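S.K.: The structure that follows is given in the form of structure tokens.
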Amino acid sequence: MSRINLKKSSAATTPTSPHCPSPRLISLPRCASSSIDRKDQGSPMASPSTPLYPKHSDSLHSLSGHDHSGVGTSDKEPPKFKYKMIMVHLPFDQHSRVEVRPGETARDAISKLLKKRNITPQLCQVNTSPDSKTEAIDLSKTMEEIALHLPDNELWVHSEYLNTVSSIKHAIVRRTFIPPKSCDVCNNPIWMMGFRCEFCQFKFHQRCSSFAPLYCDLLQSVPKNEDLVKQLVGIASENDGPDRSVAEIVLAGLAPTYGQSPAATPDSSHPDLTSIKRTGGVKRHPLAVSPQAETAQLSPAGPYPRDRSSSAPNINAINDEATVQHNQRILDALEAKRLEEESKDKTGSLLSTQARRPHCYSGHILSGSRMNRLHPLVDCTPLGSNSPSSTCSSPPGGLMGPTLLGQSSSVSGSTTSSLVAAHLHTLPLTPPQSAPPQKISPGFFRNRSRSPGERIEAQRPRPPQKPQHEDWEILPNEFVIHYKVGSGSFGTVYRGEFFGTVAIKKLNVVDPTPSQMAAFKNEVAVLKKTRHLNVLLFMGWVREPEIAIITQWCEGSSLYRHIHVQEPRVEFEMSAVIDILKQVSLGMNYLHSKNIIHRDLKTNNIFLMDDMSTVKIGDFGLATVKTKWTVNGGQQQQQPTGSILWMAPEVIRMQDDNPYTPQSDVYSFGVCMYEILSSHLPYSNINNRDQILFMVGRGYLKPDRSKIRTDTPKSLMKLYDNCIMFDRNERPVFGEVLERLRDIILPKLTRSQSAPNVLHYDSQYSVMDAVMRSQMVSSSYIPPSTAKTPQSAAAAAAANKKAYYNVYGLI
């Protein structure tokens, strides 16, 4: 019964303020509550501290069953909210919940969420829908008011600027890194499997995924998007905080593309943008911006960067070419005066620190050797401000810097100071910004005299500089020569010691000209990059006392010694022959891929290691050393060099300017094939050297094919014939030679060299029976000489006959 009376009384009472309702009003009808809200909204005097209807409040408190005699208005109930917790959707697909607290504004509540995520609240707006184009809510209202009128318990925080600056999402794909790459998080190599962003190329391990940045680097996408550049310009000019610095960094990196002159190009590309922090994951570092990049135009349309937002526009930034030229003349006069004073200061007491001090701008220190290419006479000294929001009034483009002011204050009374004072009014200055003025001490820019210790250090003679050595050059005191191994057409080979056993080849070069030395260094630069299993390792070169090269020592002997010198001569099996030819083709194909022509390929330069399974090619390259020139009629003519038995016909004729081609090495390889297959040198029946040169050069003479071993496969013989073709265009390259060698198939079983064993047996017996019975010959055979009696002789004859038939499978 009391419950019914409570409903009637509550329905009959006057509506109360939504700011101080009783918790028991939950059972009120919806129409009553909505009418309360509408009436309360229309009241201009609504206040969260004083109820609109105190009588109704007292009646509600009396209905609640509490005794409020004399204190009914002082004891207030907490307000009624439609939602106690509101879901807030933050930028970059983040979300959080905010509690509706009395008296807390929406700005304060949502700013806490944004600041925890390093998001600038001033760049954001709050809407009641996911669409950022809808009307934003008033952040000065309390969360109570917003919660009352919120259709759903959700709010959306939108920021066009933040999406522009850092909302480019990664396109992460799984990648196999061969060869391994360094992880951009921990800098350790990524072995095989890892992850990479297809947009910004950010690489990381799976274990480092939690430390990877959530968004891409803008430098990968901004150059392709003009609208994005304009938005970045707006951020850099109208906002403050970390987003402004990010926008300036990106625009500084893009300055050569957007509005910056070529002379103001930054020194180098930006470094790695990420570094690992054990407590906070990856932090993006700002780029090291050069003074030219930082003073470059932020907008492609205007010549000067826009100042930070202020109440008054910058009306003094005048794009006047005459003003720039006038300022340049002032700076030229200042530099001339400074050089004149330095020339008079011979004792060093008043040496200007302008040449010693590193050039810096806005706190970024550059090397002292680098000058401002736009205005090389300005030495930009930092103002020493600790406030990140403070700015200095300076002429556009950095024409008038603090060092110029410092020079005028430090050299008072001189021509320089008067010149500066006379022209200061002609320089355009930007209006003061909202930041407080900075106090600059004139003594900060004063030139310092040398101390006595510095004067003594300057007069002390410096030790002579050591001679500069080229890359991969080995000094004479770093290696030791043991004994001579052999000599060839281009030099003499010695065995020596250079951090291990090496081969030292002294080249037949006497007094090389500067051009020949330069060509030799270029070839050495190519040789030092060769790395292959079938190529001797190049270790360096020697300049003094004689030009020499140092290579890997081969613990074995050459193929020439194995075939023609050692006794007994080694006759390789056909499988070993093909394996040797394959390895030579592999090494030569690698050298030709590096544009290295051997010019002297022969069995003397093909080495077999001690294991007899690895082939090494040596004495390759060095065209400068292997070229001889003669003077004929005042003109230099190239002469053929090398060993004539392995020389290609076009090299012998020397009709072309450069007869050495990959096909000339293929011809030499064909002669090496002949040596291995025949165990003879070509043209061994001709003793006249000139006759060999003439006949081979004309195509009249080829190696004798009749001396090649008979078990040579036909496909290998055809390859040999193609390699020694007279026309070099008909010869294959080493890539094709290698494929044809791999296609050669040898029989697995070889023919027996012994006489065949023919078994005669009757057809009624199987072969297995004949074999089994033949094993019993030794036990059943009795020689005839053992017979003593006629009976034993007859028995022996019968046994011999049985053994005979047993041997031939007749029993």
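Glycine is treated like the rest: Cβ placed from N, Cα and C.
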S.K.: Of 287-314, 679-706, 763-790, which range does Swiss-Prot call region 'Disordered'?
M.R.: 287-314
S.K.: Within 10 Å of its Cβ, which one of these binding-site residues (Cys183, Cys200, Val493) has the largest number of other Cβ atoms?
M.R.: Cys183
S.K.: Can you grab the distance from Cys186 (Zn(2+) 2 binding site) over to Ser487 (ATP binding site)? Cα atoms, rounded to a whole Å.
M.R.: 53
S.K.: What average pLDDT is reported by the model for the domain 'RBD' (84-160)?
M.R.: 84
S.K.: Test of understanding: give the count of other CB atoms lying within 10 angstroms of the CB of Ser487 (ATP binding site).
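M.R.: A count of 13.
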S.K.: Tell me, by DSSP, whether Cys208 (Zn(2+) 2 binding site) is helix, strand or coil?
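M.R.: It is coil.
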S.K.: In angstrom units, rounded to an integer, how far apart are the Cα atoms of Ser487 (ATP binding site) and Cys183 (Zn(2+) 2 binding site)?
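M.R.: Cys183 (Zn(2+) 2 binding site) has its Cα 51 Å from the Cα of Ser487 (ATP binding site).
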S.K.: When DSSP states are folded down to helix, strand and coil, where does Cys186 (Zn(2+) 2 binding site) land?
M.R.: coil
